[in-house]
Amino acid sequence: LSFPSRSDPTLERHFKGHRDTVTSVDFGCNMKQIATGSMDSCVMIWNMKPQMRAYRFDGHKDAVISVQFSPSGHLVASASRDKTVRLWVPSMKAESTVFRAHTATVRSVNFSGDGQMLATASDDKTIKVWTVHRQKFLFSLNQHINWVRCVKFSPDDHLIVSSSDDKTIKLWDKNSRECIHSFYEHAGYANYVDFHPSGTCIAAASTDNTVKVWDIRSHKMLQHYQVHSGVVNSLSFHPAGNFLITASSDSTVKILDLVEGKLLYTLHGHQGPVTCVAFSRTGEYFASGGSDEQVMVWKSNFDCSEYSDTVRLQHKTTSSVQAAPSSATAHLPLNSHPSAFLSQVTQSQASDGGVPPSLASTLEHIIGQLDILTQTVSILEQRLTLTEDKLKECLENQMEIGLHLQKREDD
């Protein structure tokens, strides 16, 4: 066992509770909760405080393929093979609202940056966009000719990117609803795609074992990483934009330095394919999930202070990186997880706009309360609809009985 130095990623916690492959993982904005979806049809909400129990949400009738927290952290969206999307309030009550989003498996769900819209992608070859409030259908994007695996809004919410088994990655203008550009994958298709935090490029995790970074303005490939020996299932950008983390069926998680254009770390924690990976909102932690039914939480330990906020990606025409035997490798067997659990992470610095932390947290709280109100109203609306339906049924039955009695009297 080689003990990692202080700057290497370390395994902080691992969660067990799913009964099948973990398919998706996401952090809440305040680092207090992690949401996961699984082939076992459940959504789990893991609380980072060691003494708090996890919540298991049953509701989907088939595998949950994708989960995501809303930007405020007060809702969790889940997409399932049962063709529905659910919006959950991540608390013990497990309240949820459900809507049939597609005519086939829903593979991906993504909130817009402002938390007002939801994009879904499906095996019915469409991408659909909905309002979060009342889940009103807005429009669909229909140019893919095979299953759509993944959909994401750009950081400024102006663009949408999608990847499909038709071997294309499509870039869409959200307002005009037109496809601006198609990037073509030749050897495989992209399982997962996401925008760089700057919004200027996208990264794709492919079934040909590679990771590609494309510029969305020039449409040129900036970087091409050939570091995995298995299908790449998922990826996540560090919020500062200088690192990319990837999850692969070769049972490793790899961390790529985008500025240097090189492989930094290979993490061995999961037994079997690693299916999903995500950085926390601050980048201080990342989580991974796999077919071993485990969820692992890692502390990044990156020193990002040496990088500026806007990162220039290294590329000479196209920089291609292949796995080098000298790459730093942190081997962490499953039994080595530290008992030193995470203390709660709080961020006290003012945001770029100079908003004082107390005001920021108050606003965050207000937004959160509004989110919950919206959700409650939505649930009440559904209950009201059910009550109206029952009332209608009762009245119809009453009329029928009335007619029946009248008939008998006439006879």
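Here the Cβ of each residue, glycine as well, is placed from N, Cα and C on the backbone.
Please treat TrEMBL annotations as automatic predictions, because they have not gone through curation.
Per TrEMBL, these features apply:
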REPEAT    15-56  repeat 'WD'
REPEAT    57-88  repeat 'WD'
REPEAT    99-140  repeat 'WD'
REPEAT    141-182  repeat 'WD'
REPEAT    183-224  repeat 'WD'
REPEAT    225-266  repeat 'WD'
REPEAT    267-299  repeat 'WD'
On the repeat 'WD' (183-224), the mean of the pLDDT values is 95
For the repeat 'WD' (15-56), the DSSP helix/strand/coil residue counts are 0 helix, 21 strand, 21 coil
Listed stretches 15-56, 57-88, 99-140, 141-182, 183-224 vs the repeat 'WD' (267-299), most Cβ pairs under 8 Å: range 15-56
Grouping DSSP H, G, I as helix and E, B as strand, the residues of the repeat 'WD' (99-140) number 3 helix, 23 strand, 16 coil
Grouping DSSP H, G, I as helix and E, B as strand, the residues of the repeat 'WD' (57-88) number 0 helix, 17 strand, 15 coil
Lying 6 or more residues past either end of the repeat 'WD' (183-224) yet within Cβ distance under 8 Å of it, the residues of that chain are 149-150, 152-156, 159, 161-171, 230-241, 244, 246-248, 250, 256, 258, 261, 310-311, 313-315, 318-321
Secondary structure of the repeat 'WD' (267-299) by DSSP, residue by residue, totals 0 helix, 20 strand, 13 coil
